[in-house]
């Protein structure tokens with residue numbers, strides 16, 4: 001049995017899409033276990049670019065089984081559009097290769113409206129959400145009023161649950177926000193149509209995954225976002241509403257923790273962040289601009305420019321610890337090409353006191369001054385390099401120094417956006 005979990009080791013946008021695509025080709029089952037269409041990654045295959053938000057990237061391989069787990073919140077409209085877009089590009093999406101958990105919660109228009117109104121009401125203190133209704137959907141799940149895929153498949157159950165929810169939501173829209181609510185019949189009929197279109201894909205994916213694992217299938221779990229956006233372990237409250245850490249795979253897919261063999265942490269060769277929140281190594285100068293433009297650091301889902309900074313070892317050691325990362329995949333090493341000097345944040349200082357562990361307090365994190373170690377850069381184009389030995393000397397020194405500081409070895413190094421622009425240091 002080989003069960004591998006891929007997690008982002010920073011604030012998301014680490015390049016998990018490419019790494020997942022590479023490993024998906026070598027797996028038999030690919031699973032999403034948390035998040036919704038607030039996440040997104042871009043995969044390039046045979047010169048065609050695919051932007052995926054809900055469906056695992058294994059869908060690009062016709063012989064793989066792709067699973068949307070119970071921990072994912074599903075907007076049926078967004079999912080159906082993604083299916084149609086893939087089919088339009090010649091990708092087969094059918095009940096044999098796409099499975100949706102009957103326990104996954106469903107995103108409704110009122111969730112999206114709640115998201116928008118709540119963010120607007122926070123003014124300058126908004127969290128910078130994608131306004132896709134993800135947080136409000138997870139909140140309904142926690143409040144035990146959420147509607148799941150299995151409910152959507154049963155017209156009578158769905159009718160009763162939607163009716164109760166709309167009465168409650170419409171009252172909130174009117175009394176608190178002075179806004180119009182939603183028409184019951186319109187949502188009911190629209191979502192009944194969605195239900196029939198999605199019905200062939202919906203099943204008990206926990207049983208499916210258990211049986212596949214017992215058969216010895218190679219299973220790959222792909223997390224969305226990153227460790228520092230985790231609801232518990234991220235920079236709260238500037239976090240997502242789910243658990244991108246490796247432990248989230250057990251809850252979000254219904255597999256036991258003892259079934260996980262490997263955890264691969266994906267880390268960019270520098271650091272980026274979308275939206276608000278503290279960022280100790282952020283660069284608000286020409287180097288930050290260089291990284292953003294050369295690395296094309298703009299959100300797949302929102303198009304928002306990402307904040308850029310140097311790599312942060314305190315953060316990476318933290319991610320390794322809370323997810324039990326067994327190896328790392330380094331991405332966008334090529335983006336650093338052309339920089340004369342490259343800095344590595346090896347620790348923080350608060351009022352002269354050295355901080356070695358990532359703080360829980362946002363107030364403390366805001367006060368953290370990065371302690372830097374400077375290394376020589378390189379000017380050679382590395383996109384054609386396929387072995388570690390062929391990298392420029394300073395690039396090799398940089399990678400080796402990161403391994404020493406983090407205490408975990410790299411198994412994959414990405415040197416460009418294309419699938420083949422990859423150095424593989426370990427067989428999977």
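Each Cβ is built from the backbone N, Cα and C atoms, and glycine gets one as well.
Per Swiss-Prot, these features apply:
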ACT_SITE  13  active site, proton acceptor
ACT_SITE  41  active site, proton donor
BINDING   12-18, 40-42, 306, 332-334, 414-416  GTP binding site
BINDING   13, 40  Mg(2+) binding site
BINDING   13, 14, 15, 16, 38, 39, 40, 41, 130, 144, 225, 240, 304  IMP binding site
BINDING   300, 301, 302, 303, 304, 305, 306  substrate binding site
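Taking a C-beta cut-off of under 8 Å and a sequence gap of six or more, residue 305 (substrate binding site) has these contacts in its own chain: 292, 297, 298, 299.
Cα distances from residue 306 (substrate binding site) to the recorded positions 12, 41, 225 are smallest for 12. In the three-state DSSP scheme, residue 13 (active site, proton acceptor) falls into the coil class. In sequence order, 269, 382, 395, 398, 399, 413, 414, 415 constitute the residues six or more apart from residue 333 (GTP binding site) in its chain with CB-CB distances below 8 Å. Taking the Cβ of residue 15 (GTP binding site) as centre and 10 Å as the limit, one finds 21 other Cβ atoms among all the protein chains shown. Taking residue 41 (active site, proton donor) as the reference point, the recorded positions whose C-alpha atoms are within 10 Å of its C-alpha, out of 13, 18, 130, 303, 304, are 13, 18. Spatial neighbours are here defined as Cα atoms within 10 angstroms of one another, and by that definition the neighbours of residue 302 (substrate binding site) among the binding-site residues 15, 42, 130 are 130. Secondary structure from DSSP puts residue 333 (GTP binding site) in a helix. The DSSP secondary structure for residue 130 (IMP binding site) is coil. Note: the Cα of residue 18 (GTP binding site) and the Cα of residue 303 (substrate binding site) are spaced 18 Å from each other. Between the farthest pair of Cα atoms in the IMP binding residues (13, 14, 15, 16, 38, 39, 40, 41, 130, 144, 225, 240, 304), the distance is 34 Å. A simple way to gauge crowding: the CB of residue 225 (IMP binding site) has 29 other CB atoms within 10 angstroms, across all the protein chains here.
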